[in-house]
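Visitor: The annotation transmembrane segment is assigned in TrEMBL to 7-38, 44-64, 76-94, 100-118, 160-181, 193-216, 228-248, 254-272.
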Amino acid sequence: METSILLLFAGLLIGFIGTLIGAGGGFILVPLLLIFYPEFSPEVITAISMAVVCANAISGSVAYARSGRIDYKAGIKFALFTIPGSIAGVAIIEYISGKLFNALFGVLMLALSAYLILKKELKNDIQVSDSNNKKLIHHTIVDKSGEVYSYSYRELYGNLISIIVGFISPILGIGGGIIHVPAMTNWLKFPVHIATATSHFILAVMATVTVVTHIFNGSYDDPVVLKMVIFLALGVIPGAQIGAYYSHKLKSKTIIRALAVCLGLVGVRILLQSIR
């Protein structure tokens, strides 16, 4: 009973923080599983994480849809490009050892954290669309509060990033938003609030494909694993709604800084564990 309550509270926290910064929450759950369940294989850890990320992403996407900040045109295309990588990633994870898994996860988290901290800050949250450049895709979104977001991006870059994210996410069990949000804001020049909402939508599609693949592989056949997924998901769903509600109340700089700090802390902890 105590374990079930702890899982519910953990899910609530994961859903809140993950949706708040558009990262899905896998970057929080995976370290917790590595620390408290060292007997679990990388395959089981990523299967649990991706199921919870899936519940979080779907719940968060519903909330973000109400705010009108999801770029569906970009989101659908990018989501489709994550699917082949997601299937391949699930197939590969069973061949990765625990220490290698920890090392890869830790290095990735530290690299992303350092990049976000050291990069130059975006001058404006709302990007100006370069409508004269025919090589770019130009979008304008007006959210439910009346805020206008006009921006331009290279679709090819977005597609390539999505392929990479789709492959890495099921291997590390982090969902992909932790990579997608920085990439969309810094390389594709999406406004931060549009990037977090759209990333969650992409994540919902990608995580669903990953979970279905894990189901066919029998990753959730163990009753203990299935119980963990259910209770974590029950906490994640309301947590995601709360996170989405508060996300638009935070400044873009605050969201990015929170993301960088979380990445750094997780990276150090897991990297140390990999070299023990």
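Placement of Cβ uses the backbone N, Cα and C atoms for every residue, glycine included.
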Visitor: Could you pull out which residues elsewhere in the chain have a CB under 8 Å from any CB of the transmembrane segment (254-272), counting only those six or more residues past its ends?
Guide: 17, 20-23, 27-28, 30-31, 34-35, 102-103, 105-114, 116-117, 178, 181-182, 185, 192, 196, 247
Visitor: Six or more residues out from either end of the transmembrane segment (100-118), which same-chain residues have a Cβ under 8 Å from its Cβ atoms?
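Guide: For the transmembrane segment (100-118), the list is 27, 30, 34, 42, 45, 168, 171-172, 174, 178-179, 182, 256-257, 259-261, 263-264, 266-275.
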Visitor: Are there residues at least 6 beyond the ends of the transmembrane segment (193-216) whose Cβ is under 8 Å from a Cβ of it, and what are they?
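Guide: Sequence-remote neighbours of the transmembrane segment (193-216) are 19, 21-24, 47, 50-51, 53-54, 57-58, 60-61, 64-65, 67, 69-72, 74-76, 78-80, 82-83, 86-87, 89-90, 125, 141, 143, 149, 151, 162, 165-166, 169-170, 175-177, 180-181, 184-185, 244, 247-248, 252, 255.
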Visitor: Mind checking which residues reach the transmembrane segment (7-38)? Cβ under 8 Å, same chain, six or more beyond either end.
Guide: 45-46, 48-50, 52-53, 56-57, 59-60, 63, 102, 105, 109, 169, 172-178, 180-181, 195-197, 199-200, 203, 207, 228, 231-244, 246-247, 250, 255, 258-259, 262-263, 266, 269-270, 273
